[in-house]
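*Asks:* Please see the structure below; I have some questions.
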Amino acid sequence: MFPPFDYFEHRRACQFKQNEREARIASLPEPYKSPVTSSDRVILSRPISELVRDVHRHILQPLEILRTYGKTAVLVHKKTNCVTELLVSEAEKWVQDGQINFAGPLAGIPVSLKDSIAVGGFDVTVGYSRNAGKPYPGDGALVRLLKDAGAIPHAKTALPITLLSFESSNDLWGTTKNPHNTKYSPGGSTGGEAALLALNGSRIGIGSDVAGSVRVPAAWSGICSLRCSTGRWPKVGINTSMPGQEGVPSVFSPMARTLDDLTYFTKSMIEMRPWKYDYTVHPIEWREEEFRAVSGTSEEKHMRVGLMLSDGVVPPAPAIVRGLRMTASALDRAGHTVKEIPTSSFPPSATPAYGLQLASTLLTSDGCKTFRSVFRTGERSDPGAAQLSFYMSLPQFLRWLYYAYVRYIKKDHLWASLLRSLGPLTTAQNWQYVAKREAFRATWFDWWDEEDQQFDFILCPANATPALPHGAMHDAVSSCGYTFLWNLLDYTAGVLPVTKVDAIKDALDPEWKPPNGVAKGAYKHYDSVAMEGLPCAVQIVGRRLQEEKILACMNVVEAALKGDGVEYEHLDID
């Protein structure tokens with residue numbers, strides 16, 4: 001299309017979707033507009049396992065739960081701009097016409113979904129205006145499974161255009177805000193989901209993760225999440241910005257307000273046998289014995305924990321270090337063995353820094369052409385993705401000159417190593433990098449089996465910093481190594497909030513200097529005074545396909561913290 005006409009189409013699509021969303025909210029019936037009542041607060045405070053039990057016993061009606069969470073979803077959206085499509089009007093029809101199986105393990109539980117998940121009758125825009133006005137004819141496999149389990153999809157939530165950001169902003173829906181401090185991002189790319197869950201506009205959500213996209217939003221917004229290994233969770237029935245990208249596969253994974261809800265939801269979904277809905281899912285039943293071997297037996301079973309304080313790329317900020325030290329101390333006092341993992345313990349061919357280089361190269365091996373191809377004229381990109389696109393669009397000679405400047409003039413070897421490998425790959429080069437990925441995975445497999453490294457799990461940061469302000473991905477786009485590493489390895493990883501930023505305790509030493517360009521970008525916006533009250537989380541990492549064990553290990557961590565008198569205080573809607 002001729003560029004000026006394309007631009008006007010873009011603006012019209014954005015205005016149409018925003019008007020449509022506001023009209024849907026304005027037309028909601030009275031139950032969704034009344035103040036939050038005491039009976040609503042009882043529902044909001046109860047674990048989903050209890051709500052399901054009462055629905056099965058006909059003590060509680062699914063519509064009561066839906067209307068409570070529909071009401072709070074609207075309130076949370078008004079504060080954070082987190083909802084793209086509000087589904088409650090259609091959800092009431094699904095409840096009443098028998099489309100939802102209320103004998104299932106998630107009976108009556110409202111579930112929110114990342115915008116990229118297909119719900120019949122609604123767009124799956126992924127934040128691109130070109131995808132607006134094209135509703136899917138039917139539910140995707142994931143939504144069919146949810147309805148068969150008794151869950152009620154009640155909202156679709158915001159994400160960044162391109163899906164390659166720890167922010168959640170685009171022209172189509174606007175900018176999503178962190179519920180703890182609206183000047184900050186809730187994370188991305190599943191940022192709308194995290195904001196909605198943090199303020200109790202939902203209890204259960206589903207997002208996707210290719211470099212940390214469910215874990216960083218959980219860490220920045222103060223909720224829980226689990227990054228499943230590929231093949232353990234459904235992924236059919238979605239849209240994406242990079243179809244066909246399999247160098248570092250994206251996985252859909254659960255998010256929840258509490259660990260109890262996260263565990264119950266994950267178990268329920270796996271017990272629904274998702275491989276019967278989605279050919280990509282491995283037929284692995286829920287392994288209760290693996291969960292019970294850890295959870296609930298912490299007094300008898302002493303866990304061996306590897307403490308990874310730094311990845312050797314971006315040192316964690318004081319607030320993050322404090323959360324890690326606090327967690328490690330609690331585990332130690334609970335009788336578990338905590339051993340620090342220095343970066344020198346990794347083989348040269350398996351350092352986290354090399355992993356970041358491999359993962360970044362594989363993820364952008366098409367030179368960013370695929371996600372750029374959907375943009376319309378004048379459509380705003382994410383600040384981080386825009387940086388990547390600009391660099392990739394440079395002629396090879398200019399990219400080499402910039403690399404040489406960083407390597408030989410600035411003498412930043414680490415940043416230079418990342419720049420050197422970024423650029424469009426030929427098919428042969430892509431194969432070579434996939435082979436390097438497999439060698440990297442094999443080295444890690446052997447490393448974890450060594451006598452000194454036989455950890456039950458690794459405790460590490462979920463991100464080097466707490467939440468960053470809007471637009472900060474322009475500088476911090478490459479600071480994703482603490483989550484990206486585990487995507488490259490395809491390891492199971494969970495995130496648990498443990499504390500909040502303290503202006504005085506977490507101040508940065510004024511003499512401290514970032515060791516490289518990646519760290520410089522991450523720390524450009526670190527300010528403990530401005531960040532006070534933002535969540536700080538830890539990441540609990542296991543090996544591949546260890547979802548049951550990692551959920552149980554998260555339970556051990558939470559129990560140790562509670563035993564130490566530390567309990568994370570969640571936000572709630574006013």
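Cβ atoms here come from the backbone N, Cα and C positions, even for glycine.
Feature table excerpt (TrEMBL):
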ACT_SITE  K114  active site, charge relay system
ACT_SITE  S189  active site, charge relay system
ACT_SITE  S213  active site, acyl-ester intermediate
BINDING   L163, S189, V210, A211, G212, S213  substrate binding site
DOMAIN    64-551  domain 'Amidase'
*Asks:* Tell me the Cα distance separating S189 (active site, charge relay system) from L163 (substrate binding site), rounded to the nearest angstrom.
*Replies:* 5
*Asks:* In whole Å, how far does the CA atom of K114 (active site, charge relay system) lie from that of S189 (active site, charge relay system)?
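*Replies:* With distance taken Cα to Cα, S189 (active site, charge relay system) is 9 Å from K114 (active site, charge relay system).
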*Asks:* Around the substrate site (L163, S189, V210, A211, G212, S213), what further same-chain residues have their C-beta within 8 angstroms of the site's C-beta centre?
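*Replies:* Going along the sequence, the neighbours come out as L164, S165, F166, G188, T190, S208, D209, V214, V216, S250.
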*Asks:* Among L163, S189, V210, A211, G212, S213, recorded substrate binders, what is the largest CA to CA distance in Å?
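*Replies:* Largest Cα to Cα distance for the substrate-binding set is 11 Å.
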*Asks:* Which whole-number mean pLDDT does the model give the domain 'Amidase' (64-551)?
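*Replies:* Looking only at the domain 'Amidase' (64-551), pLDDT averages out to 96.
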*Asks:* If you count Cβ atoms within 10 Å of the Cβ of L163 (substrate binding site), leaving out that atom itself, what do you get?
*Replies:* 27
*Asks:* Test of understanding: give the count of other CB atoms lying within 10 angstroms of the CB of K114 (active site, charge relay system).
*Replies:* 29
*Asks:* Looking at Cβ-Cβ distances, which residues of the chain lie under 8 angstroms from S213 (active site, acyl-ester intermediate) while being 6 or more apart from it?
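*Replies:* Long-range Cβ contacts: L163, G188, S189, T190, G207, S250.
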*Asks:* Using all protein chains in view, find how many other C-beta atoms are within 10 Å of the C-beta of V210 (substrate binding site).
*Replies:* 25
*Asks:* Sorted by position, what residues of the same chain at least six away from G212 (substrate binding site) have a C-beta under 8 A from it?
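*Replies:* Those within reach of G212 (substrate binding site), by Cβ under 8 Å and sequence separation of 6 or more, are F166, R227, A462, N463, C480, Y482, T483, F484, N487.
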*Asks:* Looking at Cβ-Cβ distances, which residues of the chain lie under 8 angstroms from A211 (substrate binding site) while being 6 or more apart from it?
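*Replies:* The list for A211 (substrate binding site) reads L164, V248, A359, L363, C480, T483, F484, N487, given in order along the sequence.
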